[in-house]
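Feature annotations, courtesy of TrEMBL:
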{"type": "DOMAIN", "residues": "1-133", "note": "domain 'Dilute'"}
Amino acid sequence: MNGYYLAPDMVAQILGILMDYIAVVCTNEMLQKPSICTDLRGLQISFNLQALSSWWRDQPGQGKAQLLTLTQAARLLTMPKSTVEDIQLICDQARALNVSRLQRLLHMYRDPEGNPIPASILQAGLEQRWLHEQRRVEEPPPLMLQPKPPGLTVSYTAKDIKLEDLVVPSFLRVPFLVKV
């Protein structure tokens, strides 16, 4: 984007909006499609997120807050889920996901043999987090994530552009512009 002479703060805002959109769409896909809720898909998503995060880390002024929900959802799929303690550990580590999202992902999860998590383990593991979240919030949050409205702030900064650097494409057919 630097080739288009965009200000660095504008590039940072655009990348932040793009990462937020990626996280919302991918997390919603995980919440809707049971075929994604497996160990293998969790590993694939985690690998892709690591590559995306390493690229994003090199960009100026960027954090990883937008990808936190997606990262925790992918990590949830790869963690062991055979005991109540495992489910409670998942609940403690996945703070970016509310209880309804946790419950949905864990309910749709299938182990490599295709077996779901037993309902008794799932209910006992989520009970403490459910009670804690109900005390904090009167109305439960929606299951699906909503993208934040893009709040771009445009600041004008004059750039030093030399006339020697300007290139007029030949397809414009403006013969009266001659580079001296």
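Cβ from N, Cα, C; glycine included.
In the predicted model, the domain 'Dilute' (1-133) shows an average pLDDT of 87.
Break the domain 'Dilute' (1-133) down by DSSP state and the numbers are 99 helix, 2 strand, 32 coil.
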